[in-house]
Amino acid sequence: MKDIPDLNDQLQLIAHASPTFPKQNRLVYSPAWTTAQQQLIQWALAGGLTVSVDDYGNVYADLVGKDDAKIVATGSHIDTVKDGGIFDGLYGVLAGINALIKLKQRYGQPQLSLRAISFSEEEGSRFPTTFSGSRYYVQKARLNNLVDANGIDFNEARQNAVQSLLALPQVNHQQPALPATFTELHIEQGPILEATHRQIGLVNRIVGQRRLLFTLIGKANHAGTTPPKFRHDAFQAALELINQFNQFATKLGPDFRFTIGHFVTFPNVANVIPGEVQFSVDFRHPNEERLKYFDRLLHKAAAQRTDSGIKLKIDYSSKTKPVKLASNLLRLNQTVAHHLNYSTMILASGAGHDSQIMGSSVPTAMIFVPSKAGISHTFTECTDQADLEAGFHVLTESLYQQAYLN
């Protein structure tokens, strides 16, 4: 078996391969994304795993068991947000591949098959969609009529990237079946574990999330010669809506999350009245009825806007329901962590994850490790080496008990 770098070295090697290091920009189907997936494939093959790729560029590294009809799976996403960090997604992908290699070396063939997955896309950073990798795996959901900011078609980019992966030796083109269970190891992306001095988080549920894009079209005009009553200012109309949305959100309690993360004016010139504005609305809550209620409030406010000269368009880029994760897998992971002398706590995830999609179809668990200062979705995100190792050990032992002792 060829020499393979350890988990931390792998994280650093992929991170340093980024042309924008320390910022990570593995947007789905980009050259940086393709390079990272190819590297994962090479490490998996070197570790004696079987590798396949599906039509959406999800990479599957398998250790075939004596009963190959049942699969115990783990994994996460390979893509990043713009200017993201090292650990988000990639940590769980690499931990899964390394866990399978370690188990193969130590115990040989498992009773049930093991699978480590590198999902192609979760973040929604390049195209107006999220979780396209896990959605395709679970639902075989195909996407059409999507373009990125440069006008590149989703399916054109997808096909080119997938062909680059399939060009590697020993890589199969398959659409694999769903597993019996799925476990995702991930950084917390929040402050709770660090604040409570816990090493392992066991996720019991993931909040629902909706993400919308509002486009307001008014009339661009001269900033100095156009009196107020003759203006159709898209920025002012957007500001009016956002103020209302924020007032609605503050009344829904501390579990409600509301964010305007994207805001662009056109033509974005100092002496021109904005003729068009685009802004995103991201809102999350553990209760689906609360999400529906806030959604109705948004649309009602949009319909009652005061300037009739402003046209409005609303598009959804993401719509996921709250998911409860498998209690039996949570208990297993809790037992494993305690056996390994790691402190634990049960918590909900306020971030969306591929486990949200997987959990709608198969029993699913999530294991969190602390994020320093709760920081993520930025290149400054960090997790201590000891915590990375703790999560890896818990994941490996959990997979062992599921696949070898079953």
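Glycine residues also receive a Cβ, built from the backbone N, Cα and C atoms like all the rest.
Annotation comment: TrEMBL describes His77, Asp88, His186 as Zn(2+) 1 binding site. Cβ neighbours within 10 Å of Asp88 (Zn(2+) 1 binding site), excluding its own Cβ and spanning all shown chains: 26.
If you look up TrEMBL, you'll see Asp88, Glu123, His377 marked as Zn(2+) 2 binding site.
The allantoate binding site annotation in TrEMBL covers Arg211, Asn271, Arg284. Counting every protein chain shown, the number of other Cβ atoms lying within 10 Å of the Cβ of Arg211 (allantoate binding site) is 23. A strand conformation is recorded for Arg211 (allantoate binding site) in the three-state DSSP classification.
Computed over the domain 'Peptidase M20 dimerisation' (214-305), the whole-number mean pLDDT of the model equals 96. As annotated by TrEMBL, domain 'Peptidase M20 dimerisation' applies to 214-305.
Between the CA atoms of His186 (Zn(2+) 1 binding site) and Asn271 (allantoate binding site) there is a gap of 46 Å, rounded to the nearest whole number.
According to DSSP, His186 (Zn(2+) 1 binding site) sits within a strand segment. When each of the binding-site residues His77, Arg284, His377 is scored by how many other Cβ atoms sit within 10 Å of its Cβ, His377 comes out lowest. Spatial neighbours are here defined as Cα atoms within 10 angstroms of one another, and by that definition the neighbours of Glu123 (Zn(2+) 2 binding site) among the binding-site residues His77, Arg211, Asn271 are His77.
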